[in-house]
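Working notes, beginning with the structure itself.
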Ligand code: ADP
């Protein structure tokens, strides 16, 4: 990467930022949190790896961005890359024009918590940096290569044609980065059939054939699929009518329960944090042990289901806070998949140093790798590609077209 790109990820009360340049070690990053409250602050890492903590009482998104950008201005970022969760049917990263901003606004009903926050951030950086190219990189874009039999629900057709009700998938930048990096490590860059398991607070799986997503576990929203920190993943959709009829719950209460009170937290009645659950299970907590077992079983089931999208399985990549750090979860999940020929090397699995990439199979069957994700790096790279394409002179029709490497 020859330039530095500022990556911005605006949430409803927080902003994650990273200044991504050529060397990963030089990255400057941080988080502005509690925005709009007296406790608003910025925490991060500055040049040279030093810790930063800055109080910005009552700062809103714009004020926080102003402070972040003031601190980073002397690094002269050449572009800004915005993480945008839902791009509707947009298939790739796009320069932020009034038309693209409108498309992001139109996708708001599909990501009501995320897209409005992204739009606030985009608005602020547009005003603060009118001369810098600003690019939107969508979580959903990578999955736009899914075939219709993978993205359609078995629901009345008009819900798809008139209201865009379909499966979109999320964590696209992570699945794209990890499958690309992983297949490169495996010596078959972007070739073959791979499964990815992104396991963090939000978790999802993906099937990738020759570098393209062919199916994924999340759907219309990031609630579908595997068990997550506080999200239920797949449940019988009739749970809504059951709870409404029997407990008198309204739709908002049910939605909140499924998104914020379920998953590992709901099952264990203790925590959404996998480390806490592993410790508690070790000390004999049966609910924590069950939460871990359901997590691993459902994850294995999802990987097995997604394998139907692949002509063959070359291997599996684990990533995300849990996937990168927990040998136990990797081992338990693979124990449910012996019929796929996965053959984990317990020694390699246990020996893998945290935060490092490495191969953990025993040399037979599909390969198994741990690949730390780099969503910021991927967003920066996609931002650079869009900017480079903008700067490339347009080829006149009369000139012979040369291939651009
Ligand atoms: P996010 O989805 O918010 O980016 P992360 O990818 O950082 O989250 O993942 C957070 C999860 O990773 C938490 O459940 C945390 O407990 C888990 N985790 C981190 N380190 C370990 C570890 N050593 N063993 C098990 N789980 C871990």
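Just so you know, glycine gets a Cβ as well, placed from its N, Cα and C.
According to TrEMBL:
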BINDING   9, 375  Mg(2+) binding site
BINDING   16, 198, 199, 200, 201, 202, 273, 274, 275, 321, 322, 323, 324, 325  ATP binding site
BINDING   83  substrate binding site
ACT_SITE  139  active site, proton donor/acceptor
SITE      171  site 'Transition state stabilizer'
SITE      231  site 'Transition state stabilizer'
Listed in sequence order, the binding-site residues from 16, 201, 273, 275, 322 whose CB sits under 6 Å from ligand 1 are 201, 273, 275, 322
Ordered by sequence, the long-range same-chain Cβ contacts of residue 273 (ATP binding site) under 8 Å (at least 6 apart) are 229, 264
Should one count Cβ atoms within 10 Å of each candidate's Cβ, the recorded positions 16, 83, 171, 231, 275 would be headed by 171
Across all protein chains shown, the binding-site residues 9, 201 give the max Cβ-within-10 Å count at 9
Among the binding-site residues listed as 9, 83, 324, 375, the Cα nearest the Cα of residue 139 (active site, proton donor/acceptor) belongs to 83
Residue 322 (ATP binding site) to residue 171 (site 'Transition state stabilizer'), Cα to Cα, whole Å, comes out at 15
Top of the binding-site residues 199, 322 by count of other CB atoms within 10 A is 199
Going by C-beta under 8 A and a gap of 6 or more residues, the same-chain neighbours of residue 375 (Mg(2+) binding site) are 83, 173, 174, 177
Of all C-alpha pairs drawn from the ATP-binding set 16, 198, 199, 200, 201, 202, 273, 274, 275, 321, 322, 323, 324, 325, the farthest apart lie at a distance in Å of 23
For residue 324 (ATP binding site), the same-chain residues 6+ apart in sequence with C-beta under 8 angstroms from its C-beta are 318, 354, 355, 370, 372, 373
If you measure between the CA atoms of residue 275 (ATP binding site) and residue 9 (Mg(2+) binding site) and round to the nearest Å, you get 26
Nearest by Cα to residue 16 (ATP binding site), of the recorded positions 9, 171, 231, is 9
Other C-beta atoms within 10 angstroms of the C-beta of residue 139 (active site, proton donor/acceptor) total 25
